[in-house]
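Participant: The structure that follows is given in the form of structure tokens.
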Amino acid sequence: MSALSGKVQTVLGPIEPDQLGRTMTHEHLTMTFECCYFPPAPGDETVAQAPIQMKNLFWLKQNPYSSHENLLLLQETSAVREELHEYRKEGGGTIVENTTQGIARDLPCLKQLAKDTGVHIIGGAGYYVDATHSEATRKMTVEKLTDIIISEVLHGADGTEIRCGVIGEIGCSWPITDSEKKVLQATAHAQTELGCPVIIHPGRNPGAPAEIVRLLQEAGGDISKTVMSHLDRTIFDNGDLLEFAKMGSYLEYDLFGSEMLNYAYNLEVDMPSDSQRVKALAFLVQEGYEDNIVIAHDIHTKNRLTKYGGHGYSHILKNIVPKMLIRGINQTQVDKILIDNPKRWLTFK
Ligand SMILES: CC(=O)NCCS(=O)(=O)O
């Protein structure tokens with residue numbers, strides 16, 4: 001049993017789980033997504049290179065990954081701070097900040113934001129997808145990776161004493177790479193030692209979540225303390241969803257507010273609307289999975305901030321919760337999704 005047992009670890013230190021309140025389990029407050037830049041379609045080069053402005057907001061909503069400027073969320077700390085004040089006003093308590101190594105994690109910035117706004121912020125340990133792994137990371141043994149992840153939770157990360165409270169988002173591609181498999185094994189080993197929460201970014205294929213869960217299980221991971229992210233762009237068939245749900249992880253719908261016609265990273269995917277996401281939640285609740293669902297917006301580009309006409313960090317609290325109630329998810333179930341499930345997941349064993 002570690003000293004963290006029964007606690008949640010925020011960037012300002014351990015707290016009691018009851019202090020968390022309503023929690024978004026997958027957000028970014030500062031990061032770069034340059035690793036995933038997607039070149040604009042022929043003819044769109046000019047708008048892609050233009051500064052973000054009113055007249056290109058719709059283009060940006062449809063092509064968020066084709067503007068370099070849009071990928072630099074780390075330039076927007078003032079706007080994010082304002083949004084966090086708003087989030088508090090709307091009844092938000094906690095944000096899990098999923099930025100890991102490879103996409104410019106900035107724990108001192110998170111600590112300052114937590115101090116300035118009173119929002120509990122939880123930082124993420126570990127590594128994003130293979131495309132961001134350094135050569136040194138790729139050469140590391142599972143043991144070395146495990147030591148680094150454990151140290152980021154117990155002692156602090158990036159040369160600071162600021163400690164991470166979850167492992168993840170751990171990035172996986174499709175097909176999964178050898179380096180990502182090693183990081184997954186290290187994640188499971190670190191989780192066994194720490195009894196901590198884990199959160200996974202799966203590759204963009206319906207088979208990816210189950211393959212990852214099997215890899216974690218083989219390495220001794222605790223699936224009941226693991227969140228599978230981005231299900232809204234990964235599993236579309238209800239039968240497949242129920243098969244995956246049986247494996248026992250938390251089921252995360254975390255792209256609320258993101259609606260687009262063509263999903264650049266996988267044109268096979270029809271990115272759902274928010275109404276379709278709520279429908280998926282209602283289906284899972286009806287099938288008995290209300291204790292496994294968690295939700296968020298996964299803001300990772302500028303255009304999703306209210307400063308740029310986006311929905312912001314309070315969209316779920318302001319707009320999605322009322323829609324959930326309309327669609328038959330009752331208040332107790334909403335509270336499970338926003339409060340009880342995140343609390344159970346985030347509390348160290
Ligand atoms: C930061 C991050 O990984 N967001 C997920 C983007 S995706 O398009 O759903 O993979």
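Placed from the backbone N, Cα and C atoms, the Cβ positions cover glycine too.
Because TrEMBL annotations are produced automatically, they should be read as predictions rather than curated entries.
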Participant: Where TrEMBL shows His26, His28, Asp298 binding divalent metal cation 1, which of Glu161, Glu169 is named for the same site?
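Facilitator: Site partner of His26, His28, Asp298 for divalent metal cation 1, according to TrEMBL: Glu169.
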Participant: Per TrEMBL, which one of His120, His133, His201 shares the divalent metal cation 2 site with Glu169, His230?
Facilitator: His201
Participant: Are there binding-site residues among His28, Glu169, Asp298 that sit within 10 Å of His230 (divalent metal cation 2 binding site), Cα to Cα? If so, list them; otherwise say none.
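Facilitator: Within 10 Å of His230 (divalent metal cation 2 binding site): Asp298.
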Participant: With a radius of 8 angstroms around the mean position of the C-beta atoms of His26, His28, Glu169, Asp298, what other residues of the same chain does the divalent metal cation 1 site pick up?
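Facilitator: Filtered neighbour residues, in order: Glu27, Val96, Glu97, Asn98, Thr99, Ile199, His201, Ser229, Asp254, Ala296, Ile299, His300.
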Participant: Once Glu169, His201, His230 are set aside, which residues in the chain still have Cβ within 8 Å of the Cβ centroid of the divalent metal cation 2 site?
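Facilitator: So the extra residues in range turn out to be His26, Asn98, Gly168, Ile170, Gly171, Cys172, Ile199, Ile200, Pro202, Ser229, Asp254, Asp298.
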Participant: Write out the long-range same-chain contacts of Asp298 (divalent metal cation 1 binding site), meaning residues 6 or more apart in sequence whose Cβ is under 8 Å from its Cβ.
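Facilitator: Residues satisfying the criterion: His26, Glu27, His28, Asn98, Ser229, His230, Asp254, Leu255, Ser258.
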Participant: For ligand 1, list the binding-site residues among His26, His201, His230, Asp298 whose CB atom is within a distance below 6 Å of it, in sequence order.
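Facilitator: What lies within reach of ligand 1, judged by Cβ under 6 Å, is His201, His230, Asp298.
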Participant: Between Glu169, His201, which of the binding-site residues has its C-beta surrounded by the fewest other C-beta atoms within 10 Å?
Facilitator: His201
